[in-house]
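Chemist: Provided herewith is a single structure, encoded as structure tokens, for subsequent inquiry.
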Amino acid sequence: MEFIPGPAVHRVLCADCGTPIVPNSANLCVACLRNTVDITEGIPKQASVSFCRNCERFLSPPQSWTLAKPESAELLAICLKKLKGLSKVRLTEAHFIWTEPHSKRLRVSMTIQKEVLTNTILEQTFEIEYLVQHGQCPDCAKLAAKNTWKALVQVRQKVPHKRTFLYLEQLILKHNAQKDTISIKEVRDGLDFFYSQRSHALKMVEFLSSVAPIKSKSSEQLLSSDTHSNTANFKYTYSVEIVPICKDDLVCLPLKQARSLSNINPLTVCTRVGNSLQLVDPQTLQACEIPAHIYWRTPLDSLASVTDLVEFTVLDIEPDHSKTRGKLMLADAQVALSGAFHSSHGNHNMMDFDSEGITNQIFHTRTHLGAILQPGDTAMGYFLTNSNYNSDHFAALPSSNIPDIILVKKAYPNRRKKSKARNWRLKSIAKEAGEEGETSNARGAIGRMGGRDQKKVDEDYEIFLRELEEDPELRAGINLYVAPEVNMDAPEVKKGPRKKNQYAMDVDEAAPVATDSEDVEEEPDFPEVKLDELLKNFDEMALEGDDTEDA
């Protein structure tokens, strides 16, 4: 095979150093070309970026602040925008060089190309060092100053307890609706939410309308105006009122409204409160739903709340399996006041004839709890025979349609007698530090009134925790977390004073506490909070993300 040589490569000497090179338009080698022409001229080798330590955002030129993680593409884009003269060259590659997180320095390696002579493109790699300067963004500056809110949402409910706001706080945390809140202040009958933008307040009002039956009104206040540019600065206030009816409340509907709602019995029990009220007649299992706009046409109050519940003992119950509605079942029950029977003379039960009046009577009633009540159980209900209600709608009812007792829910008295620690806890929206008039370290958004209502707040909080334990459907809508530092296998202390903590169940004052000689049996059907219902990643909540407060 004949060898064919390739074309000869002609080389010339570099005009500066004399090194043989392939001919080019400059007749210079790469080293001499770099010494002669610097393509990085006009690009600074040092720059600075502004960083806000409060919100952890970087200043993206010219005025926007962007949340960027270390060595992320967003942060790299911010660094490149800070360089002048980068538009005159072609950027081919850029990446971060690792530095110590506490050094307040960012190092970026860049590779650029530029045409220096005719048909001669030079490529060069160099490093740029950025100094991280700590500052404060305009939003955080407004938060640091006082009286800078632009929108206010006033949430009110005219009831003598705080359980609705405790549940509302958990819904806000579950849906992360508190992220735009500047501060929260507790006032009489409700809470005030402050925002820096009007859109954030409107978003909160929409969220409240989706989880509770409310009505809202808006108002605005002129702060300043500019006649030359035809602009004005306003403060907006949104007043939100929640329906003053809660779960398990006794409600007496007006006769005309009851007839419009499928002719339901006016005496009903509220079974659920969402964006509408759900009522049920315990005598017939007939149910109705009252939306918010229909309720506010003819507003009404509840006859009695859970604080008026009386404890009864179920003597006998006959469920009617043919009359059911979901989990509800109609049943005929025989009940007596708790304590009407007492154990004496061995295992024989006898009536306490020493008691006078109606404490030793047996009452017959119909209930919608036939699926869960058994003889010997304890139930909570309203004692209508022994009650006096100041209501024109209730007074207009025929006495033949008013039962003696209306049972509402099953109770677990033995559970409350035991000083058993809870294995779960709740998050809470952390309060601001240094609030005016603040004298206590109360939890979250509820209980900031100082020592004035602290005892009432603790009682409402305990009732709320018990409702969560006893109602699986109620706790399904919120997040529960595994309680740290709680030893569930620790022996119970039955003598001496017991240290109170957030997870422990308070003992009823009227109920006898179990002693060594008296062993209290726990209810077998108590709806325990299982571990699969709890979340493990418990993070303390804060308005700004750095303040912590226990739930």
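Every residue gets a Cβ built from N, Cα and C, even glycine.
Pulled the feature table from TrEMBL, pasting it below:
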COMPBIAS  516-526  compositional bias 'Acidic residues'
DOMAIN    14-242  domain 'Nmd3 N-terminal'
DOMAIN    245-292  domain '60S ribosomal export protein NMD3 SH3'
DOMAIN    309-410  domain '60S ribosomal export protein NMD3 OB-fold'
REGION    492-526  region 'Disordered'
Chemist: Can you give me the average pLDDT across the domain '60S ribosomal export protein NMD3 OB-fold' (309-410), rounded to a whole number?
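Modeler: Across the residues of the domain '60S ribosomal export protein NMD3 OB-fold' (309-410) the model's pLDDT averages 82 on the 0 to 100 scale.
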Chemist: Residue counts in helix (H, G, I), strand (E, B) and coil for the domain '60S ribosomal export protein NMD3 SH3' (245-292), per DSSP?
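Modeler: Final tally across the stretch: 7 helix, 20 strand, 21 coil.
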Chemist: Could you give the number of helix, strand and coil residues in the domain '60S ribosomal export protein NMD3 OB-fold' (309-410) as assigned by DSSP?
Modeler: 7 helix, 50 strand, 45 coil
